[in-house]
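Asker: In case it's useful when we look at the structure, here is the feature table from Swiss-Prot:
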type	residues	note
BINDING	Met40, Gly189	substrate binding site
BINDING	Lys116, Thr162	ATP binding site
Amino acid sequence: MNEPLKTIRETKPLIHHITNWVTIYECANMTRAFGALPVMAHAPEECADMTKISSALVLNIGTLTSEIIDSMLLSAAAANERDIPVVLDAVGVGATKFRDEMAAKILASVHIDIIKGNYSEIAKLAGENAETKGVEATSIDADPAKVAKAFAKAESCVVVMTGKEDIISDGDRTFIVKNGHELMGSIVGTGCMAASIVGLFAAVNRDYCDAAKDALCYFGASGELAAAKSSGPGSFKVHLYDEVFNLSDEKVKSMKNFEEK
């Protein structure tokens, strides 16, 4: 898609989040800064109905409860019925048995179009040896790009692995996105924001691999622009929102930094 940001801002897709309580505010604000409309409906009594009127569903397991999992399954089933893209951010997989079991339950029960996580989280989901410290990646034995490609084929989905370089694969195509800045890792929530951004780009582009690649290029470019004006995490966070708000397709076109493997 040549002008995804213009399309997002013209159509203002509604992005339904069932997400974690730590970064819910940040995800809502970032979705809005890009030009889409966020909604955070978690109750099992209404979540499926909200999904039905949305353009994408973003699930984030950062602060899990049994009720939240029930809501995620209800909403994902509703999204599957209507061919609405579903993004799963596998936050903290590998840290606890409950988290691992619930992530596996989601994947076994509904179709996820885009699975996102850091290197350790995706490796753990894919059955590889990996270490996770809380919700942070520590180490992975296998080649990340190969893990992403194989897992994408196995799940018939797009896999997004975030890190110093972001890896996106649909099992056939694999992209390495190099946009971004180290300050993005200094504030809580940028990984969760990335999942929201992937969701809103998927809402306007049915090629989910291309959508995820663009989402991370645009977000990473915003981080680079914000870092140039910042003296630390506090000022960076403010500038990040401003740079996203003032972003344009034309500006990102010259900044995109990715390669296809």
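Numbering starts at 1 and runs along the chain as it is shown here.
Positions of Cβ are set from backbone N, Cα and C atoms, glycine also.
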Asker: State the count of C-beta atoms found within 10 angstroms of the C-beta of Gly189 (substrate binding site), not counting that atom itself.
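Answerer: That number is 20.
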Asker: Between Met40 (substrate binding site) and Lys116 (ATP binding site), what is the CA-CA distance rounded to a whole number of Å?
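Answerer: Cα of Met40 (substrate binding site) to Cα of Lys116 (ATP binding site) measures 19 Å after rounding.
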Asker: Are there any residues at least 6 positions away along the chain from Thr162 (ATP binding site) with a Cβ closer than 8 Å to its Cβ? List them or say none.
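Answerer: Lys116, Gly117, Asn118, Tyr119, Gly191, Ala194, Leu216 - these are the non-local Cβ neighbours of Thr162 (ATP binding site), listed in sequence order.
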Asker: In the three-state scheme derived from DSSP, which category covers Lys116 (ATP binding site)?
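Answerer: Looking at the DSSP assignment, Lys116 (ATP binding site) belongs to a strand.
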Asker: For Lys116 (ATP binding site), list the number of other Cβ atoms lying within 10 Å of its Cβ atom.
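Answerer: A count of 31.
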Asker: Counting every protein chain present, what is the number of Cβ atoms, excluding its own, within 10 Å of the Cβ of Met40 (substrate binding site)?
Answerer: 17
Asker: What does DSSP say about Met40 (substrate binding site): helix, strand or coil?
Answerer: coil
